[in-house]
């Protein structure tokens with residue numbers, strides 16, 4: 001066997017073993033392993049191995065992007081029944097943005113599995129954020145095609161959703177949503193908002209709101225609208241609760 005073919009066969013055996021270990025790590029075995037390998041195949045690798053039947057991960061990335069948006073949207077819709085469309089959109093955007101996807105990919109050492117061309121490898125492509133984010137989306141696409149939405153949901157439940165529950169993305173929420181998140185995390189009880197006072201002329205109204213947790217006052221706030229007053233009350237409550245932590 002010519003040395004080059006021997007070297008390529010050895011490399012192929014090595015990455016197939018790596019994918020086997022990866023599947024054991026995540027507790028998922030692909031029915032069609034070709035989909036898994038394709039998810040980690042960068043276009044630069046395909047360009048340098050034209051005689052091999054490899055496909056790059058770009059189409060899977062396209063699909064995975066849509067699947068990820070759908071599943072994260074469904075999770076947020078169920079978890080935050082009172083959150084507005086605008087707030088849900090902001091939170092979803094923070095979860096599926098490039099830095100977040102890179103974080104998820106790095107947690108599972110995706111970079112070490114990517115099949116790269118020599119040029120891309122030499123320029124540090126394995127650690128390039130955009131590449132890692134694309135691979136994560138491609139993996140979601142491959143998982144969806146191989147095993148369906150339920151398995152994708154189970155995977156995200158282990159890797160992505162816990163970070164939402166831990167408050168990793170609360171910085172993009174409004175004060176009321178942040179307060180709700182904090183209370184849900186601690187399992188402390190029910191939050192209620194009350195308008196205590198309305199004052200001033202009709203064209204310049206001021207509202208005073210109080211937020212309570214299990215009938216215990218947490219914060220007061222005022223604003224030009226009921227919504228603004230409630231936000232300010234939630235901000236004060238958040239400040240107090242965080243000081244106690």
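Quick reminder: no glycine exception, Cβ is built from N, Cα and C everywhere.
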From 55, 58, 61, grab the residue that Swiss-Prot records in the same Mg(2+) site as 134, 137.
61
Taken over the domain 'RNase III' (19-148), the model's mean pLDDT:
92
Which secondary structure state does DSSP assign to residue 134 (Mg(2+) binding site), in the simple three-class scheme?
helix
Note on Mg(2+): the CB centroid of 61, 134, 137 has further same-chain residues inside 8 Å, namely 57, 58, 60, 62, 64, 65, 133, 135, 136, 138, 141
